[in-house]
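See below for the structure under consideration.
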Amino acid sequence: MIYYLLRYINDLFDLPGLHVIEYLTFRASAAAITALLITLFVGPGFIKYLKTRFIEPVKEEAPPEHKKKNKLPTMGGLLIIFSIEISVLLWSKFIDPHVWLIMLAILWMGIIGFIDDYRKVVLKIKGGLSARYKLIGQVTLGLVVGCYTWYDPSFSVLLSTTTVPFFKYLTIDYGYFYIPIVIFIITAVSNAVNLTDGLDGLAAGSSAIVVMGLGGFSYLAGNAVYAVYLNIPFIPGGGEIAVVSMAIVMACVGFLWFNSNPAEIIMGDTGSLALGSAIAVIALLIKQELLLPLIAGIFFLETLSVSLQVLYFKYTKMRYGQGKRIFLMAPLHHHFQLKGWAEQKIVIRFWILTILFFLASLMTLKLR
């Protein structure tokens, strides 16, 4: 909105200094600062309101240390989503299809998460929204993103082709499997972030690091010179994704002001599903979805721990008549909680791992 306003004024009067609005780095920085300030200023009043209505009960099977979170308001993801949407509307070329596809993903999965949180907190329905309806919501989003990027001419440059990390000339063409793969990636990543949201600051901090990395890739992919030099797909208009990415990063950082241990608020499924879908769609749009197991490695490990736990339990129960577990509790962060690690230590160590995964993903730009 500000972008179009200043551009209109500049076209009329050609005022000195207004050309800066055309620079991606300026608008990405402005979007980041705006998202941070909105979160910090709106946060206190928003938390006060949520405390009167939306207190999420802690699960009975949660670790003992988790029981003290029984009075925390949930649906904090609404604050993240609001900050992102406003800053992106102000500073991005929001009519760009890359931008509104990401915004659509955040809003849609935010609504799915809100319904889930509302059913748990207000209607007192144990488990919230059933897994079936969550899956329907995720598949619907995947169909929209997949079909739009498949059929819209503005995405026809690469269409169903993607690159393989660490290989200079190796590409994969999904062909008619493209749309099912888009559905799978959006579903998997949104669920992975949702599983990770179990400790104060863990999901928000990890998401900020991952999106910062993807934002860097977006900036490079949107510049023809950098893309050719680094041998990554050139995405016309893809640089706008960097503006959105920085808004997401700083909205998460602002949320950490209130969500760091001891948390005043938790994001709930409203935030975790929205952030997960944003990560997935950004990666898909810049053709770096095969990099997700590395750059979003912490989410991958959390999901893997749950999958292994369930599969091993079912196998041992079928084989020996009694189910056994690999971990004390899944997801992985709860395993370390039950081993006696302090919550802050787990979160910071997981952040460190996420930074290492981020740096390793940057190395793929040259290790080809």
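Heads up, the Cβ atoms here are built off N, Cα and C, so glycines get one too.
For reference, Swiss-Prot has these:
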type     : residues : note
TRANSMEM : 30-50    : transmembrane segment
TRANSMEM : 72-92    : transmembrane segment
TRANSMEM : 95-115   : transmembrane segment
TRANSMEM : 139-159  : transmembrane segment
TRANSMEM : 169-189  : transmembrane segment
TRANSMEM : 208-228  : transmembrane segment
TRANSMEM : 238-258  : transmembrane segment
TRANSMEM : 264-286  : transmembrane segment
TRANSMEM : 345-365  : transmembrane segment
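Sequence-distant residue pairs (6 or more apart) of the transmembrane segment (30-50) and the transmembrane segment (238-258) include at least 3 whose Cβ atoms are under 8 Å, placing the two stretches in contact. Tertiary neighbourhood of the transmembrane segment (72-92): same-chain residues 1-3, 27-28, 30-32, 34-36, 38-39, 42-43, 46-47, 50-51, 53-56, 99, 103, 106-107, 110, 113-114, 117-118, 120-121, 204, 240, 243-244, 247-248, 250-252, 254-255, 258-259, 263-275, selected by CB-CB distance under 8 Å and a gap of 6+ residues from either end. Between the transmembrane segment (169-189) and the transmembrane segment (264-286), three or more CB pairs separated by 6 or more residues in sequence fall under 8 Å, so the two stretches touch. Counting Cβ pairs closer than 8 Å to the transmembrane segment (238-258), the top stretch among 139-159, 208-228, 264-286, 345-365 is 208-228. Against the transmembrane segment (208-228), stretch 264-286 shows more Cβ pairs under 8 Å than any other of 95-115, 139-159, 264-286, 345-365. Long-range contacts of the transmembrane segment (139-159) within the same chain, counting only residues at least 6 positions beyond its ends with a Cβ under 8 Å from a Cβ of the stretch, are 97, 101, 104-105, 108-109, 178-187, 233-237, 277, 281, 284-285, 287. Within the same chain, residues 165-166, 199-202, 205-206, 209-210, 212-213, 216, 220, 230, 232, 261, 291, 294-298, 333, 336-337 sit at least 6 positions outside the transmembrane segment (345-365) and bring their C-beta atoms closer than 8 Å to a C-beta of that stretch.
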